[in-house]
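Copied over from TrEMBL, here are the features:
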ACT_SITE  E232  active site, nucleophile
ACT_SITE  D307  active site, proton donor
DISULFID  C29-C39  disulfide bond
DISULFID  C89-C94  disulfide bond
DISULFID  C185-C186  disulfide bond
DISULFID  C411-C449  disulfide bond
DOMAIN    28-344  domain 'Alpha-L-arabinofuranosidase B catalytic'
DOMAIN    362-503  domain 'Alpha-L-arabinofuranosidase B arabinose-binding'
SIGNAL    1-26  signal peptide
Amino acid sequence: MLPRPGFDKAGILAAALVATGRLVNAGPCDIYACGGTPCVAAHSTTRALYGAYAGPLYQVSRGSDGTKVDILPLKAGGVAHSSVQDSFCAGTTCLITIIYDQSGRGNHLTQAPPGGAARGPEADGYDYLSSAIGAPVKLNGQKAYGVFISPYSGYRNNKPNGTAVGDEPEGMYAVFDGTHYNTGCCFDYGNAETNSQDPGNGHMEAIYFGTGDGSVRGTGSGSGPWIMADLENGLFSGYSPTNNPANPTINYRFVTAIVKGKPHQWAIRGGNAASGTLSTFYDGIRPANGYDPMIKEGAIILGTGGDNSNWAQGTFYEGVMTKGYPSDKTENKVQANIVDAGYAATSLTSGPELTVGSSVSLRATTACCTTRYVTHDGNTVNTQVVSSSSSDALKRAASWTVRTGLGNSACFSFESNDTPGSFIRHAGYHLKLDPNDNTKIFHEDATFCPMGGLNSQGNSLRSWSYPARYWRHFNGILYIASNGGPFAWDNTVSFNDDVSYVISAGFA
Ligand SMILES: *[C@@H]1O[C@H](CO)[C@@H](O)[C@H](O)[C@H]1NC(C)=O
């Protein structure tokens, strides 16, 4: 096919354009190209963002042997072939190592390096990689996985190719989980500094999602979360980092978030990624004090701030950056395409099922420890040998009432039998028994998603908020542990056994 002027992926568009002028089998990036603002970065673990894209979407690495596999779409323009991941990762753990750029510019996202604000927790100072199974989702009924960003996780590309620099115009959209956010700085997707430092105002222009970072930040109406722009040294909900009542709390399960900027003007738009249209929350002049002109550097971040501020959480499904300032009309067509993709929630659990309200005991399956059960001693969660002839006090300490997940109703929480109102939660990577203080952070720390046991026995219990981490007994104490990582309890030796528990009727 012959290239057509003004079209980024000319051949693709020629194939997709029918006589009516309507694009069929088009992806968001075909729509942007048709509007004269082609994608220069296109990232998604859930689907191809061009109608003709059939290359790799992302790469996962598995814990058992460190080997890696690329996940492609089922067909050109299609949804991710997630069953390849499921087979590859069966009986072990998997992390997302690369989120490929589909635009042809090589703007892939990989593990974020240390920055001015924070070293990551890994030994080399890099951020955590995301679990490959933290954000299961369905697109028109087909299973895929998003990128679940826990605090200290992030992806980045500091050697960008063709993204906006200086005051050049650009647009961005991303699809997030509107129910997964926090107040930490900064869950971002978009344009940032190429050296992971903060040289001053206006050096970045990224979409931000959450309730602000507690310092220089904007707010919208209600209590958040909000779509804002991280412009460096400030989260902007509108003209200034103060309140913009036209920027609403937006917490749909799937949120479309847009930020775009050009000389003297920028905008924030958003909507429900599963239905309906976009609204404009801000469209106007640049903020004062160093934001006009912008000094964009063009690096690409996902899940951290420009200087690697990495305390935020959120879930990313897809997003792009464009060359040029997209029209509202083009973005409205992209929103229609996202809605047509049919994003829907799916189950977060697998393996033997738990019943809310039942009393359970959890028995270790590691060869050393098959008579030991998950118990507590004060607020330390540990394992102890328990049997039918144990004291009533110990039987009660080893019995837990299954509750609907305090932080996500698709998972579970575990209330102590002998200390009603106290739940198992993680804190500093230890499991603790603490009273429910009804804070958002407690609820999330106390939510665990059971899945089939990694050693094929019983269940493994994944932390909802740190899905690369599972309940693990290590020297008799319970932690949330990853299969390899910076802490002693992340040791890979006997990991699968240490994270698998047979769950049966409670002793009490
Ligand atoms: C940068 O983008 C151009 C245009 O798409 C492409 O031809 C080139 O291969 C890219 N460079 C790298 C290093 O990927």
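In case you wondered, yes, glycine gets a Cβ from its N, Cα and C as well.
Shown on the structure are the features that TrEMBL records.
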residue: C29; record: disulfide bond; Cβ neighbours (10 Å): 28
residue: C39; record: disulfide bond; Cβ neighbours (10 Å): 31
residue: C89; record: disulfide bond; Cβ neighbours (10 Å): 20
residue: C94; record: disulfide bond; Cβ neighbours (10 Å): 25
residue: C185; record: disulfide bond; Cβ neighbours (10 Å): 26
residue: C186; record: disulfide bond; Cβ neighbours (10 Å): 30
residue: E232; record: active site, nucleophile; Cβ neighbours (10 Å): 27
residue: D307; record: active site, proton donor; Cβ neighbours (10 Å): 25
residue: C411; record: disulfide bond; Cβ neighbours (10 Å): 22
residue: C449; record: disulfide bond; Cβ neighbours (10 Å): 24
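Counting residues per DSSP class in helix, strand and coil order gives 22 helix, 60 strand, 60 coil for the domain 'Alpha-L-arabinofuranosidase B arabinose-binding' (362-503). When the alpha carbons of C89 (disulfide bond) and C449 (disulfide bond) are compared, the span between them is 17 angstrom. Within 10 Å of D307 (active site, proton donor), counting CA to CA, the recorded positions C94, E232, C411 contribute E232. Here the C-alpha separation of C449 (disulfide bond) and C185 (disulfide bond) works out to 26 Å. Here the C-alpha separation of C94 (disulfide bond) and C185 (disulfide bond) works out to 26 Å.
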